[in-house]
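K.L.:
Once you've had a glance at the structure underneath, I'll fire off some questions.
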């Protein structure tokens, strides 16, 4: 059994920043993550994707952001329990006891849930024999964009992932078709502006008003993607790669059975300290829900700071926290 001050569930950017914030206040952390590596969705789904709304970074890849956050938290020696889920919660007086899928038991006074989308998987389009092409011609996540050099690509979807990856891959692909059932996209305004600008050059073709209908290929290699509009007009797009981006299926898994207030796979918290209905358990980042919630990494960073500062008095039995600027606190830790 391990004893610590705080258990953080999730090692994405918000969870890692919570480790740093806790360390600055002298609190030790153990981190549980179901993935084999630190970084959450940033590493598992889009390590090479650029992020543009992190302060002081005009752009930074998801992988670079995680590396920076790991380095920032490293001086406080967090203990990581990877490739295992938090499955069981018990409470003993003022302490929580968590058991993982690998029978690891951790005792702490505070739990911070920063689980992002929880256990996630792609929403797959209902296409016949799609599994024959998965992993060779059809991909739901991009870990290495260099494999798409010179390819003819169909990207399907209208949200941030579809638009952002269309823009990013246009630099290396031979041709990209972006297929969306509507004329309007739901991505960031600036991303849509960039998309339409590149489309004017002919590098990207916007195939709007169409949906995926069928696949054409043999020996697990795609040769064309068939799309159809509402009037049943058919187009055959010559392509050897299909990237469907229709969002993720979210599943809180065992966390949903912990007695927390859960709504639509999100954990409800107050909008002051991001504490759940169980005192001592907080939820931050994309997994948390409250009125006015904004799903941004920077919002999760602020939630981490608030929740960790509020948790201080619980960890140290009611001791008051006296505010200090990070310059002074960090120098004292070194």
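A Cβ is built for glycine as well, from the same backbone N, Cα and C atoms used for every other residue.
According to Swiss-Prot, the feature FAD binding site maps to 33, 41, 46, 86, 120, 286, 327.
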K.L.:
What is the total of other Cβ atoms whose distance to the Cβ of residue 46 (FAD binding site) is within 10 Å?
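P.N.:
Looking across every protein chain shown, the total is 21.
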K.L.:
Below 8 Å Cβ to Cβ and six or more residues apart, same chain only. Which residues does that give for residue 33 (FAD binding site)?
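P.N.:
Within the chain, residue 33 (FAD binding site) has Cβ neighbours under 8 Å at 9, 10, 11, 15, 40, 80, 81, 82, 83, 84.
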K.L.:
Hey, does DSSP put residue 46 (FAD binding site) in a helix, a strand, or just coil?
P.N.:
coil
